[in-house]
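A short write-up of the structure that comes next.
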Amino acid sequence: MDKHLLETTVSKVLDEMRERPIPLGVSNRHIHLSAEDYARLFPGRPISEKKALLQPGQYAAEQTVTLAGPKGELKNVRLLGPLRSTSQVEISRTDARTLGIAAPLRMSGDLKGTPGIRLISPFAEITLASGVIVAQRHIHMSPLDALILRVTHGDSVCVAIEGTGRRLIFDNVAVRVSPDMRLEMHIDTDEANAAGADAPGAFATLAAPR
């Protein structure tokens, strides 16, 4: 195969790979707990896996808590594992109104200046001084995915939600690149409802900014 034909073939393959669907992950309200906070809420009870998530090593746990805010409560909020260094609560704007909490839009882990909340388990309750956020929509990917899609960690991209009958483009989608991540876009339930992302054929693709 001559050089020009090889380059043309490689370019075509890469173009096709760039157009492949990006899996959608709809994040319902959930919590991450530090080992210390977990031990206080579930004393003497090890965290147990209920269902593996797409991202390697991450899972939905059997354990749930109630979120209690100034105006209301949300019950059966799932704990995601493994345990982290700092506790964090991720909710939607709709959830924030139910709870009466002014949760800011943040990337996971960016918790400075965030409001706190009361967590209630079947065994105990604690109050977090901070840690409640509305998660910024984002795409997880490996370095190879980033190379194919021509993006880098920290980029902000536009993404179209397709296959729903009500195509919707989201801008300000953060790119998160890590060697141990698999390609997946994360949106919350408010965003998913707006896009009809619960449709069986729903998927995401990178879109050109307007």
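Placed from the backbone N, Cα and C atoms, the Cβ positions cover glycine too.
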Additional site residue, His153, His186 [criterion: listed by Swiss-Prot with His138, His140 for Zn(2+) 2] = His186
In Swiss-Prot, the residues His30, His32 are said to bind Zn(2+) 1. Which of Glu90, Glu125, Glu162, Glu184 is said to bind at that same site?
-> Glu90
Of Arg78, Arg182, which one shares the CoA site with Val26, Ser27, Asn28, Lys71, Asn193 in Swiss-Prot?
-> Arg78
Number of other Cβ atoms within 10 Å of the Cβ of His30 (Zn(2+) 1 binding site) across all protein chains | 18
Taking Cα-Cα distance, which of the binding-site residues His30, His32, Arg84, His138, His140, His186 are within 10 Å of Arg78 (CoA binding site)?
-> His30, His32
About how far apart, in whole Å, are the alpha carbons (Cα) of Asn28 (CoA binding site) and His186 (Zn(2+) 2 binding site)?
-> 10
Taking only the binding-site residues Val26, His32, Lys71, Arg84, Glu90, which one has a CA atom nearest to the CA atom of His140 (Zn(2+) 2 binding site)?
-> Val26
